[in-house]
Amino acid sequence: MAYTQTLGSTRYRFADLKTLLAKATPLRSGDCLAGIAAATAEERVAAQLALAELPLQTFLDEAVIPYEDDEVTRLIIDGHDAAAFVPVAHLTVGDFRNWLLGPQADERTLAALAAGLTPEMVAAVSKLMRVQDLIAVARKCRVITRFRDTIGLRGRLSTRLQPNHPTDDATGIAASILDGLLYGNGDAVIGINPATDNLAQVSELLVMLDAVIREYAIPTQSCVLTHVTTTIEAMARGVPVDLVFQSIAGTEAANASFGVSLALLDEAHQAALALGRGSIGDNVMYFETGQGSALSANAHHGVDQQTCEARAYAVARRFRPLLVNTVVGFIGPEYLYDGKQIIRAGLEDHFCGKLLGVPMGCDVCYTNHAEADQDDMDTLLTLFGVAGCSYIMGIPGADDIMLNYQTTSFHDALYLRQTQGLRPAPEFEDWLLANGILDAELRPADTLPPRFAPALARLN
Amino acid sequence: MSEHKAPLVVDNPWTALRRYTDARIALGRAGVSLPTAAQLAFQLDHARARDAVHLPLDRAALLPRLQGCGLDLIELHSAAADRHVYLQRPDLGRRLDAASRARLDALAAPGCELAFVIADGLSARAVNEHAAAMLAAILPRLDGWRLGPLTLVEQGRVAIGDEIGAGLRADIVVVLIGERPGLSSPDSLGLYLTHAPRPGRSDAERNCISNVRPAGQSFAAAAHRLHHLLAESRRRGLSGVALKDDTELTTLASDCQGSFLLGVQGSDAG
């Protein structure tokens with residue numbers, strides 16, 4: 001059905017729910033590229049005013065992508081928990097914002113509400129929010145997951161140690177791993193983007209990561225971020241797989257362009273669970289997402305890129321992942337043009353993920369053709385500390401020499417922990433202290449911790 | 001008193017590891033932050049990468065060198081009017097503007113086996129510095145090929161080669177284009193081969209040779225691989241995923257140092 005809003009003598013008409021959501025979205029280049037953005041600043045606010053009046057119930061009655069056409073829509077509708085929805089079922093989108101900001105929406109209430117919310121509801125309310133609203137509400141949410149350590153506790157900030165190398169050279173990767181560990185990074189995962197999807201090469205990397213984690217008894221988990229079918233094959237051959245990785249998106253067609261479906265992800269999830277490799281928990285999946293992926297696959301169905309992104313979190317939460325992160329600035333300026341758009345998108349994604357009950361982290365990043373720089377990354381990084389982001393990336397000197405983009409450095413994590421009093425995951429913190437990598441104030445040691453001296457000696 | 005002062009920068013005792021990777025490891029720290037030298041080194045590399053994106057084609061220097069290749073040269077422009085539009089509208093960078101379209105049509109091209117297209121892409125610097133050298137490396141290997149005119153396109157993306165190749169009635173088009181600059185690789189040239197080019201071809205129907213630059217894949221190595229792909233493409237009448245680059249060596253994680261983090265197969269584990 002159509003929605004209207006009259007401002008002065010102008011009557012704005014929005015043909016359907018997805019059009020209303022797209023026109024209400026704060027400006028970003030990807031929606032302009034798709035031809036679905038508001039034509040004027042006033043039209044954008046008119047759409048936001050109309051959206052604010054919309055009952056949340058509308059999102060259960062009108063799908064932005066038809067139920068018959070899309071398995072993600074079916075997952076969202078069939079998986080909706082009506083009982084959990086009750087506390088907010090009577091609210092409009094505008095009053096949902098007021099409710100989220102109020103004292104009744106505390107950590108326990110929000111955790112119980114998650115299953116009653118759909119991606120479209122949280123995307124809608126985020127469009128009425130400023131940056132500080134996105135932070136204030138997300139900060140109240142906690143999503144806690146476990147494998148060999150505990151991710152997402154209040155007052156904690158974890159990092160993915162990302163030791164990428166352009167040819168997967170084992171020594172080069174090990175050098176970056178050691179650098180990261182000695183800077184107190186790696187409690188979310190030690191995760192490599194491999195240079196190829198070649199099974200033998202991926203398996204070799206997994207065996208090495210497993211051996212390093214066992215040799216030093218590190219309370220963390222490994223991952224090689226290859227296609228899910230490659231990981232399934234590796235598991236079938238007995239290769240030590242901790243976490244199954246996959247990039248996912250918010251429409252069935254976009255997932256098909258990634259070569260995945262819910263059934264395939266389910267197969268991988270069951271296979272990883274059967275390995276039973278987690279020592280303190282069984283969250284075994286790792287997903288990456290990012291605004292613009294559905295549009296770039298021409299699989300967005302006229303839905304704005306932020307709503308598509310929130311729908312990806314419905315896919316993620318079905319599999320109880322250990323980690324989910326948006327790779328917010330990676331896709332390029334045709335989707336998020338500059339630092340301003342990247343910063344807001346990152347906070348939107350974190351907010352939507354946390355409200356939906358997803359253990360949300362962020363790859364705070366940019367490419368060299370985007371209008372962004374290290375100052376923008378510092379801003380987003382610092383805001384994420386306040387918002388309670390579960391984890392960020394850690395890479396040597398912020399420079400990924402394999403993927404050719406810039407993400408957060410090992411130093412950045414230390415900065416964020418120090419300025420905001422955040423600590424690593426508790427099990428990992430104990431390991432860092434026991435091995436003399438950090439002192440009691442969480443400062444790195446000035447000298448080489450003795451446990452690692454034999455490793456360096458092997459190179460001489 | 002001064003000998004008790006802590007140093008301003010804490011160096012890392014594992015700087016020797018730098019010889020095994022180009023990653024920015026063992027940078028040391030000031031407090032927990034980057035030391036000034038490492039911070040400014042990063043800023044310099046980012047500045048170079050940014051400049052590579054926004055630098056225009058240096059036509060004054062480029063044209064005489066390209067004309068020296070012995071091919072007719074046509075200058076064209078995409079439908080993206082400037083860099084600002086180009087960065088936000090990839091669709092416009094994939095097709096010609098009206099004047100260029102008319103110029104191409106006016107040629108009434110007789111057809112050819114192979115046409116080269118040079119486009120600025122995301123690094124005009126790569127084209128300014130390496131396009132002529134790359135052509136000089138491949139052209140001597142193309143004895144017996146019927147070559148079409150050379151085109152130089154401003155604000156172009158890879159797929160603009162489809163429209164140009166179709167307009168020239170080329171059997172195969174090869175696009176030489178500046179790649180998305182990395183922090184340490186602002187001057188990479190990419191080579192994209194498409195058989196039977198026409199608008200609407202997908203990326204799966206192309207073959208790509210990437211990272212062509214003096215510090216990456218050499219012009220000679222790229223020319224060797226391109227020549228192999230061209231010969232196979234002509235022989236089999238296709239390009240893309242069905243056309244394997246079997247000159248490519250499989251890289252394996254097989255450095256003789258292995259992972260120095262590990263003892264002799266777990267003998268000192270625990």
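Note that Cβ sites are derived from N, Cα and C of the backbone, with glycine treated the same way.
These features come from TrEMBL:
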- B:V158, B:E179, B:C208: adenosylcob(III)alamin binding site (BINDING)
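This view paints the features noted in TrEMBL onto the structure.
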residue	record	DSSP class
B:V158	adenosylcob(III)alamin binding site	coil
B:E179	adenosylcob(III)alamin binding site	coil
B:C208	adenosylcob(III)alamin binding site	strand
Among the binding-site residues B:V158, B:C208, point out the residue whose Cβ has the most other Cβ atoms within 10 Å, with all shown protein chains included in the count.
B:V158
What is the total of other Cβ atoms whose distance to the Cβ of B:E179 (adenosylcob(III)alamin binding site) is within 10 Å?
25
Within 8 Å of the Cβ centroid of the adenosylcob(III)alamin site residues B:V158, B:E179, B:C208, which other residues of the same chain have their Cβ?
B:G121, B:V175, B:I177, B:G190, B:L191, B:Y192, B:S210
What is the biggest Cα to Cα gap, in Å, among B:V158, B:E179, B:C208, the residues listed as binding adenosylcob(III)alamin?
11
